[in-house]
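Feature list (source: TrEMBL):
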type     : residues                                               : note
ACT_SITE : Glu334                                                 : active site, nucleophile
BINDING  : Phe152, Ala153, Ile154, Tyr157, Asp242, Val243, Asp244 : UDP-N-acetyl-alpha-D-galactosamine binding site
BINDING  : Asp242, Asp244                                         : Mn(2+) binding site
TRANSMEM : 63-84                                                  : transmembrane segment
Amino acid sequence: MQVRQSDDRSAVGPIRMGAKSHASSWKSFWFQQGTGSYTHNENRGREKDRGDLCRSGRPKCNFLHLGILPFVVFVLVFFGYLFLSFRSQNLGHPGAVTRNVYLQPRVLKPTREDVLVLTPWLAPIIWEGTFNIDILNEQFRIRNTTIGLTVFAIKKYVVFLKRFLETAEQHFMVGHKVIYYVFTDHPADVPQVILGAGRQLVVLTVRNYTRWQDVSMHRMEMISYFSEQRFLREVDYLVCADVDMKFSDHVGVEILSTFFGTLHPGFYSKSREAFTYERRPQSQAYIPWDKGDFYYGGAFFGGSVLEVYHTTKACHEAMVEDKANGIEPVWHDESYLNKYLLYHKPTKVLSPEYLWDQHMLGWPPIMKKLRYVAVYKDHQAIRN
């Protein structure tokens, strides 16, 4: 007798079948999986044996299979869930959600009453006491966020790089993935710094310029170029910082937003008339005396890579136009940044805690923490 594989297709639709054909089809299905073939006589014999078992009152084999199958599936799903949950917690899986316990926010009890915490365009101003870093860390870890930090170590400024990177490892975005982008004309002088897990350093070789003012202004050009060519594919947010600074306290995901600017430490308490905006109408950086919200420092700004690209590209294009007309703004790239942010409001503003000079300004009581501070240096010697 010719042997062939069973082609009984009724197993895929048992709900429409009677009890007898249901049992037959499921039995046929399981044996197909086990051996792959039967003869007609063998099938008839097995059906006869099955009928004898039914008549004798003994349990049916197909009922046993049907009873065990859901149980096996349940056990596999249950233990699979436990395994994956345990693994995700141990590996810090970005999708693993923890339940933080924290004090309820009180609408009638603001955390800071001594400082402005919200701009007229509803952007938060970040001070110590205005955020819960545990809540924020959890949210950004769920998103598996990667942050890029750009820094320019050109000519003599490379001497500040080691301290900048070492303090960043201690205080900047701790617990998150970070890529340091070091722009330098001396790649061989980039120091070896031990980096934590999920953190890496990329050296980008660029040319130098004779004047420090040109180095400062071309920073916008380099950031916009590499944002388009590289950063958009590698990181979610980009923070742009000066190298002649150090991190002295926590600087984390509380700063991240579509775009953030930082209040300049020398002008946060001043009126707009005292701001050192570019006041010449011929310049692309010009801001009239009756305009202006805040004076933003050029040493610390950032946001989403796309928004940083738009900002730095606009500043560079304005610089090119001014240069063609023989105009150099009073504070170079910082002047263009302030002009841009006047008409493209930042979605978050950082308090001077994130940009401070303790040597010149001391430590006033309003500053609960000093997070990113200038290091002492001889400006004349380092710039020449």
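Using N, Cα and C of the backbone, Cβ positions are placed for all residues, glycine too.
TrEMBL does not curate its annotations; it predicts them automatically.
Among the listed binding-site residues, namely Phe152, Tyr157, the Cβ with the most fellow Cβ atoms inside 10 Å is that of Phe152. Around Ala153 (UDP-N-acetyl-alpha-D-galactosamine binding site), the same-chain residues six or more apart in sequence whose CB sits under 8 Å from its CB are Phe160, Leu161, Val182, Phe183, Thr184, His186, Asp189, Val190, Val243, listed in sequence order. Of all residue pairs in the UDP-N-acetyl-alpha-D-galactosamine-binding list (Phe152, Ala153, Ile154, Tyr157, Asp242, Val243, Asp244), the one with the greatest Cα separation is 11 Å apart. The C-beta environment of Ile154 (UDP-N-acetyl-alpha-D-galactosamine binding site), restricted to residues of the same chain at least 6 apart in sequence and closer than 8 Å, consists of Phe183, Thr184, Asp185, Val206, Asn208, Tyr209, Val215.
When Cα-Cα distances from Glu334 (active site, nucleophile) are compared across the binding-site residues Phe152, Tyr157, Asp242, Asp244, the shortest belongs to Asp242. A simple way to gauge crowding: the CB of Val243 (UDP-N-acetyl-alpha-D-galactosamine binding site) has 23 other CB atoms within 10 angstroms, across all the protein chains here. Ranking the recorded positions Asp242, Asp244, Glu334 by how many other Cβ atoms lie within 10 angstroms of each Cβ puts Asp242 at the bottom. Listed in chain order, the extra residues whose Cβ falls within 8 Å of the Cβ center of the UDP-N-acetyl-alpha-D-galactosamine site residues Phe152, Ala153, Ile154, Tyr157, Asp242, Val243, Asp244 are Val151, Val158, Phe160, Leu161, Phe164.
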